[in-house]
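Asker: Below is a structure I'd like to ask you about.
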Amino acid sequence: MVSRPAMSPVSPVWPRKPNLWAFWVLRLVLLLSLKSWAEDALQHCTWLLVLNKFEKVGLHLSKDRFQDHEPIDTVAKVFQKLTDSPIDPSENYLSFPYYLQINFSCPGQNIEELARKGHLMGMKPMVQINYMYSVNFYRWEMENVQILMEAAPMRSTGYCPAEAMCVLNWYTPMPFKNGSVVSSVDIYTNGIGPFVSKKRFYVNMNGFLKRDASGKSLFAIGYESLVLKSSHFRLSKSRPLWYTVNHAPVFILGGFYDEKSILFSDSNFQDYVLLELSIDSCWVGSFYCPILGFSATIHDAIATESTLFIRQNQLVYYFTGTYITLFDKSHGSSRWVRVLPSECIKRLCPVYASGNGSEYVLALTTGKNEGYIHIGTITDGLVSFEMVPDGWSVCEKLPGKNCSIDWATYIADERNLLLLVKIDSGQFYLVNFNTEFKTLNILYKIPEFIPEAKELDFLVLLDTVTYTNTPMTPKGLFFNTLNNMLYIWGNFILQSYNREEFIFLADFPKESTIKYMVNSFKGQMAVVTENEEIWYFLEGGYDVYQVVPSQGWETYHNLQKMQKSSFHSEDESLVSLFFEDGKLFQLVYLFDVGKERLVKRLLPVGTLMEYNLPKPFTVVNQGNYQAISFTHTCPFKEIHLIDVPKKHHASRTESYVALPPLVSESLGFHNNNTLAVYQGLVYYLLWLHSKYDKPYADPVHDPTWRWWQHKTKDKDYFFYLFSNRLAAEGIYINMNAYQKLYNMSGDYGIPDLFFLDKGNWFTITVVLLSHQDTFTSSDSQGPTINVDKKLAIAVTIADPECLSVTVTQDVLLNRNAVINKIKVIDKKRCSEQGMIGRNIKKTSMMLKVLGAPGNCIQRTYLGGIIQGFKVVPIFIGCPPGKRLAFDVSYTIMHSEEINKHYFDCVIKDAEMPCFLFRDLFQPFFLVQDLVTGDSGSFLGSYVLKVVGGGRTLNTIRDYTEEEIFRYNSPLDTTNSLIWKTKVERTTEDKKFYIMSHESPGVEWLCLENSPCYDIIPQSIYPPEFFFKLLVSNRGVDNSTYCDYKLTFIVHIHGLPLSSKRTSFIVMVSTSFFIALVVFYILFCLVWPHIVKAWVSLRWRINNIMASESYYTYASSTAGFSLQSHSFEGPSRAGSKEDNVQAKTA
């Protein structure tokens, strides 16, 4: 018997060794194709993204602006056709008004061919949309939400010569959510097909558009100019881009010489328009406003979440956009509004960080109100200004008679106003004014001259410092709320950690004067000088680097021009400089003849610094020849982060996934109907998210759980119909493709943000791999004793009174590695209990490897990346994504245990089980984590109140504060308590009980003056009542920063009747029973006599009736006989009567 492999053919031929030449040929073809794609990748392919309206989907060249902010009802008819699908036809499916049209391009290649090639190879663009929460956390709860979608391919609806040659694009819905106007769109591939690097777009809502009578979109703030002239930029220098960081949906940029025009962009200058503003530009100069000339130039322009501010001469205007996802439509402006009409405003100062649910703008005055400042507050689109100080001037508190406030910055969370004040002698002061307590303090007297700091990187300004003859010329202030770093800048840079002691950064030359400063709020800063130089430095360090112009910039710029880059030119002008997601971007106008254009380009600081790095080397003898040995500028070879919390868990981001429905089309192309279904499903998914606020804990606290709860058992049947082309409309809806994600793949790297609740902590492990010579000394091959110093890491906490940090270092000599375990713990000191998003303490942690900043550059496909330095924001307070829920399942189980029984209502309701009045009621609660999917028992303290109630669900009413006190307080003396407990702990004012999971429970009372007293049954079932309960841990719980507030309804049945009504019922029942007994007794006694009397009466009646009948008969017979004799002859013999009569006679 011959044994063969399981898959060998059944034949008498022995198995032979396979010929592998064909395999190697195929492998070579595959490698060549991969090589060709690698070459394409080196050509820097990039994603393309435009916004399409719902009705324009499929039009290849269509492009729209994000003007409509309400869902539309356009998909209902399509969903009605989807029979035999898991959707509920009774639901009202809406859609979003826009699609995202996606494609990609590579230099020198046809876009249409690239798209077709990518689709046939299986490439699918993945789209992740991240929503930024609103500034006003009082109106909109802070939450971080993202949704991951897969783009669906669709052929263009335009003319094409052949089906295979049609223009191909990918589409996804463009969803939006209430409370958000800023959304970033990340696009990347599914890993199949051509390589296109991940790219981020900003698709923000535009609330500054209107429609004319014909329905055409127009700008409400001005008139769009179709031509961007080079003269606009020849005469204008670069200017700062001012906006509320992370929350401004549009950017505006003024500064065009003698023109009331601004650059406007709702995509972070991915595209833009030039607008001529529709403002009056009237001149109101007077004796109190010392401005010498008039100019139409827009000098200052600031963008906030909803409102734009501009300054022209001394006039200030604002325009509030129409954002119905943030506030009522009536808050929007119809025209520019002029504010502070009687003031002469010399400057607007931005406030980059919001606070207290509002945004702020500062207006500096001159003239009659010199020494005062106007604080503008923007809340829900409503603008108000307040002049401070009230009743006295800042100048009154400083030496000299007059002063001038040259710059101001506002720390909203502290309510501190930092002022750069110049007195009449020319001396500058740093002044702090507290807007809450109305106090003013002089923090620092700025030196008059530049310090002498030869051959030093920095200099601490003490009394022993010597100074040069160059005057200090302060120009402005900058404060970073995340690390408490304050900068004073001009022809110098001063930095301070405590606003009282300053460090002079000596690398910045005193010959240059800073024009403006920009910050990434991720540890990086850049400044632009009057000569358009760009300098760069890392916060917490002391080295300042000139990046433009520099040797590195010349090298990089020339290489780009050699590659014929469309972003570089021989003749160009810097328009502005700003950070976006930690990367530094330039807005540059290129003066190429016939191709003048404005471009947004990345300034690769890492690459420029790498080009600028020195190349130290030594010549060493190796035998008979000499060799060059380069010295490492970076102290480590590699750096790795391990044991890092997941990004979306640390940043408290709720993630959803929505994939397009499968279609039966042979090439996998979608059409308008299938995309409409995709729209409806995405809308319903986010609608479930927004409406998920169930007070009763579900078995699975996922918004999508109930969506498919009763349909999952039929999923095989639905797939069977689709696979056999029997599904309606040729669509298959995969229920697993619309769900919440708790563990995302590829979620690696250090998080961009950490949220810490009370006493919480997180750990990060940093592994530093050294070069071969790090662990050896110059004269010995053995390990040195200074390894920990060569590979040292520093951890700096911005607020050490709030956080504690420990670093544990392990040296692995055999691995040439140093492991640093970092643990950060909240000290429970710096935040107060509050709702989600409120009372947040914003701080940060900085990681820095000794000698790494500026010396360690990692080369990547996207350019050089600075290594060895990282700033991580930390928010201390109640983290988003946590909620309190009533654990009804465990409450019922525990009730059955302590009461030895559990009786539900006769008519059961699975959503709201009943509890018996006479049973002890001990509620339990869950803390549900909507980000991680975890849930656990709430072990803190809380206050329980009955705040409403009714006999039915429809008649529940809310009680007044007085009623709540009477119904719940142990101090009540009106006999109105609804419940009581044996708990002895109460609030400080003794008004309410403080309970916990260990409390003995609630005993229902329903006393005489309570609303549940003496409930009359409406049927044969016992009385019942619905209580509206409020549970809050505010002020009584020390286990969390979260102010949990839960309102839920408890259904109680078996309520007793009042004593009066009970007595009345007993009396009535007893009386009725006694009467019935007496009646029965009387009946039993009298009945025989009644029967006898009745019988006697019947006998007599019968006799009487019989007698009367007899006499009547007899008399009638006698009369008849006499009458017969008178008419007839004598009777015949033989008659008995005759014989009797004869005898008688």
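Each residue, glycine too, has its Cβ placed from N, Cα and C.
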Asker: Candidates are Cys802, Cys856. Which one does Swiss-Prot pair with Cys830 through a disulfide bond?
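Answerer: In Swiss-Prot, Cys830 forms its disulfide bond with Cys802.
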Asker: From the list Cys45, Cys282, Cys289, which cysteine is recorded by Swiss-Prot as disulfide-linked to Cys106?
Answerer: Cys45
Asker: With Cys344 as one half of a disulfide in Swiss-Prot, pick the other half from Cys282, Cys289, Cys403.
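Answerer: Between Cys344 and the options Cys282, Cys289, Cys403, Swiss-Prot records the bond with Cys289.
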Asker: Averaging the per-residue pLDDT over the topological domain 'Cytoplasmic' (1084-1145), what integer do you get?
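Answerer: That region's mean pLDDT is 62.
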Asker: Write down the Cα-Cα distance for Cys45 (disulfide bond) and Cys830 (disulfide bond), rounded and given in Å.
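Answerer: If we compare the Cα positions of Cys830 (disulfide bond) and Cys45 (disulfide bond), the gap is 47 Å.
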Asker: Compare the C-alpha of Cys403 (disulfide bond) with the C-alpha of each of the disulfide-bonded residues Cys166, Cys344, Cys878, Cys905, and give the closest one.
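Answerer: When the Cα distances are compared, Cys344 comes out closest.
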Asker: Just to confirm: which same-chain residues, 6+ apart in sequence, have a Cβ under 8 Å from the Cβ of Cys802 (disulfide bond)?
Answerer: Asp826, Lys827, Arg829, Cys830, Ser831, Lys841, Thr843, Ile876
Asker: To the nearest Å, how far is the Cα of Cys344 (disulfide bond) from the Cα of Cys634 (disulfide bond)?
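Answerer: Cα-Cα, rounded: 54 Å.
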Asker: What count of other C-beta atoms do you get within 10 angstroms of the C-beta of Cys905 (disulfide bond), across all chains shown?
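Answerer: Around Cys905 (disulfide bond), other Cβ atoms within 10 Å: 18.
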Asker: Could you tally the C-beta atoms, other than its own, that fall within 10 angstroms of the C-beta of Cys344 (disulfide bond)?
Answerer: 22
Asker: According to DSSP, folded down to helix, strand and coil, what is Cys395 (disulfide bond)?
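Answerer: Its secondary structure by DSSP: helix.
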Asker: To the nearest whole angstrom, state the Cα distance for the pair Cys1006 (disulfide bond) and Cys45 (disulfide bond).
Answerer: 73
Asker: Including all protein chains displayed, how many Cβ atoms other than that of Cys856 (disulfide bond) lie within 10 Å of its Cβ?
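Answerer: There are 25 such Cβ atoms around Cys856 (disulfide bond).
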